[in-house]
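What follows is a short report on a single structure.
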Amino acid sequence: MAKNRALQQWRVEDSIELYGIRNWGAGYFDVSDAGEVVICPQGPKGPQVSIPEVISGLRDRGHDMPVLLRVENILDSRIANIHESFRKAIKNLGYAGAYRGVFPVKVNQQQQVVEKIAQFGAQFHHGLEVGSKAELVAAVSLMQDREACIICNGYKDEEFMDLGLQALRLGFNVFFVLEMPSELGVLLERSKALGVRPSIGVRAKLAVKASGHWTDSGGERSTFGLSPAQIVDVVDTLKAHDMLDCFKLLHYHLGSQVSNIRDIRTGVMEGARLYAGLIEEGAPMGYLDLGGGLAVDYDGSHTNYISSRNYSLDEYCTDVVEAIMSTLDEASVPHPHIITESGRATVAYYSVLLFNVLDVSVVEEVQLPESLPEGTPEPVINLRETLANISLRNLQECYNDAIYYRDEMRQLFSMGRVNLRQRTLAERFFWAIIMRIAQEKTRLKNVPRDLADIDVSLADIYYGNFSVFQSLPDTWAIDQLFPVMPIHRLKEFPSRHGIISDITCDSDGRIDQFIDPQGMKPTLELHPLRDGEEYYLGVFLVGAYQETLGDLHNLMGDTNVVSIRVADDGSYEYVREIRGDSVADILSYVEYDPRRILEDLRDTAEQAVRQGRITPSERFSIMQAFEDGLRGYTYFER
Ligand SMILES: *Cc1c(COP(=O)(O)O)cnc(C)c1O
C-alpha cells in the first residue's frame with residue numbers, strides 16, 4: 001500500500017491509517033490538515049492544539065527537549081468519563097448503589113497529578129487509594145472532599161494505622177483494608193488506644209486469575225489478600241470485640257491491564273459472592289471495591305491482546321454493574337456502593353513524551369565494482385553470481401547462499417588466506433544481495449521467517465534525545481508497547497524504516513517493537529532528516545507507571561515537564577513548568593556533592609597553572625565550562 005501511495009501522493013489520511021492514531025487515541029489525538037499531530041481534549045469535535053506549535057512555544061521559553069507534556073483537560077475528561085459511564089450503567093440497570101472511584105497513587109505519584117485528580121475529582125467524590133505511609137500523607141494533604149474515599153491498602157504497621165485513624169478524626173472517609181491477617185490485631189489495638197472506630201475492609205484472594213503481564217497480583221497464589229477461611233476469622237475476631245459493625249468493605253485486585261472482559265466478569269461474580277457471604281455473616285458492609293485492571297488500548301486493536309482490551313469503558317461499567325446485580329439479587333442482598341481503583345485508564349492518555357532526533361544511521365546503498373580484480377577469491381565470485389541470479393522464485397536459496405559465502409570469507413580472513421580488501425568486497429556483495437532480496441520479497445504473499453528479519457537488519461537507527469530507562473521503563477522491563485509516531489510532516493510519505501535508539505550507551509536503550517493492526521512490527525515508518533530542521537517524535541499514553549519507575553541510567557535525569565490547559569476556544573496556557581534535573585541534581589542523587597566537585601576541580605586546575613600547563617585565564621574559562629556543565633540539562637542540548 002505504502003509504495004503505491006508514495007507514487008501517487010501521500011495524504012494525511014494515509015498517515016492516520018499507518019500510525020493508527022484514531023484507533024489508540026481515544027479521540028484525544030488526531031492529525032490536522034497541516035500534517036501535524038493535534039490534541040483534542042474535548043474529543044474530535046472540540047478545539048484542537050497542534051503539538052509542534054506547543055513545542056515551538058516551549059523552545060521560545062527556553063525549554064529543551066525531551067519534554068513530558070501533560071494535558072490537564074485530558075485528565076479531567078478521563079475522570080468525568082469513568083463517572084459518567086458508571087452513572088449511565090447504574091441508571092439503565094436500576095442499580096441501587098452509587099459509584100465511588102479512587103485513584104491509586106502509585107500509578108502516578110507526582111504532586112501535580114494527584115493534586116489535579118483531587119481537585120477535579122471532588123465534584124464526583126473521586127478519592128485516592130494509598131499503599132504506604134508516604135502515599136497516605138500525600139493523599140491527606142491534597143484531598144479537599146470529605147465524602148470521597150481514602151482506601152488504605154498495603155502492609156500497615158502501627159504508624160500507618162495511626163496516621164489513618166487521625167485522618168479519620170479529621171473527617172476523612174478512610175478505609176483500612178486488611179492485606180494480612182496480622183494487621184487486624186494492630187488495627188484493633190491502635191483504634192482502642194486512640195478511641196476511634198475505624199471502617200474496616202479486607203482484601204480477598206480470588207480463585208480467578210486474569211491473563212497478562214501485570215496480573216500476578218491476582219489468583220490464589222497472590223502474595224496479598226486473605227483466603228475465605230482467614231476472612232471468616234476476621235468476622236469472628238470482630239464479633240468477639242463487638243466491632244462487627246466496622247466491617248464495611250470487600251476489596252480484591254485482579255492485576256493491572258486486564259485485557260479480557262471475561263476475566264473481569266468472572267472476578268466480579270466471585271467478589272460479589274464473597275460479599276453476599278459476609279452480609280450473611282452479619283457484617284453491615286456497604287462497599288464492594290473491585291481494584292484496578294481497567295485496561296488501556298495501547299495498540300488500538302480492540303482485542304484481548306496484552307497491549308489492548310476487548311471492551312469499551314461503557315461495556316466495562318455495564319458488565320460490572322450487571323454482574324454484581326445478578327449475583328446479589330439472587331441472594332436478596334442490597335446493592336453496595338461500587339468502588340474501582342482505576343489508575344492506568346485514568347492517567348495514561350494525559351502525558352506525551354516528546355523528543356527530537358539527533359542523528360540517523362543508515363545502511364548505505366553499496367557501490368559495486370564493474371569488474372573484479374585479478375585473484376579475487378572464489379566465494380566473492382560466487383556472491384557476485386548469486387546477486388546476478390536473484391529472482392522471485394529463489395529468494396530463500398539466494399539468502400542461504402549469501403550467508404554461506406560471506407561466512408566462508410570471514411573464515412578465510414581469520415586464517416589469513418584473504419586480505420582485508422577482499423573481505424570488504426565480499427561484504428559489499430553480501431549487502432547488495434540482502435537489499436535486492438528485501439525489495440523482491442515485498443511481492444511475495446507469504447514471506448519466509450528468515451527473510452522477514454531482513455528488514456530489521458536494513459532498518460535505519462534514529463537516535464532520539466531521551467532515555468528509555470528514565471522515561472519509558474516498561475518498554476525495557478516488560479516489553480510494553482506504546483504508540484510512537486512523528487508529530488509533524490504527516491503530509492509527506494515516510495520513506496524510511498527505522499528503529500529508535502536512546503542516548504544512553506546501553507544496547508537495551510531502544511524501541512524496536514511498534515504497534516501495528518496485525519500485532520507488532522519491528523520497524524517504524526519515519527521521514528528522512530532534513531538539514532537544519534528538527535525532527536520530533538512523540539511517545540503517547542505514557543501517563544501511567546512510567547514516571548516514578550524511571551531510573552538514572554547513565555545519569556540521565558528527569559525530563560522537563562510541562563502542563564497545558566486548553567480553553568474552549570482552542571487557546572491554551574502553559575500552566576505548570578517543572579525544570580528537568582540538572583547535571584548537579586543528578587550527581588547529588590548518587591551522593592556526590594557538586595560544591596566539593598568544583599573545589600576538587602579548582603585544585604586540579606590550580607595545580608595545572610603552577611605546572612605551567614595552562615594560564616590563569618585559561619583556568620578561569622575551564623572552571624566556567626564545568627560550572628555551566630553542572631547547571632545544564634542532562635540530555636543533549638542544541
Ligand atoms: C496497582 C493497583 C491498582 C491500579 O491498577 P490499574 O490497572 O492501573 O488500574 C489498583 N489497586 C491496587 C491494589 C493496585 O495494587
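Here, residue 1 is simply the first one shown, and the rest follow in order.
Including glycine, each Cβ sits where the backbone N, Cα and C put it.
Remember, TrEMBL labels are computer predictions, not curated facts.
Here TrEMBL flags Cys505 as active site, proton donor. Look at TrEMBL and you will find 80-348 tagged as domain 'Orn/DAP/Arg decarboxylase 2 N-terminal'. For 374-453, the entry in TrEMBL reads domain 'Arginine decarboxylase helical bundle'. Here TrEMBL flags 583-636 as domain 'Arginine decarboxylase C-terminal helical'. Annotation comment: TrEMBL describes Lys106 as N6-(pyridoxal phosphate)lysine.
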Restricting to the domain 'Orn/DAP/Arg decarboxylase 2 N-terminal' (80-348), report the mean pLDDT as a whole number.
-> 94
Inter-residue C-alpha distance, the residue listed as 'active site, proton donor' and Lys106 (N6-(pyridoxal phosphate)lysine) (nearest angstrom) = 29
Other CB atoms, at most 10 A from the CB of Lys106 (N6-(pyridoxal phosphate)lysine) = 19
Across every protein chain in view, the count of C-beta atoms other than its own within 10 A of the C-beta of Cys505 (active site, proton donor) is 9
Within the domain 'Arginine decarboxylase C-terminal helical' (583-636), residues counted as helix, strand or coil by DSSP | 40 helix, 1 strand, 13 coil
Per DSSP, how many helix, strand and coil residues does the domain 'Arginine decarboxylase helical bundle' (374-453) have?
-> 60 helix, 0 strand, 20 coil
For Cys505 (active site, proton donor), just give me the three-state DSSP call.
-> coil
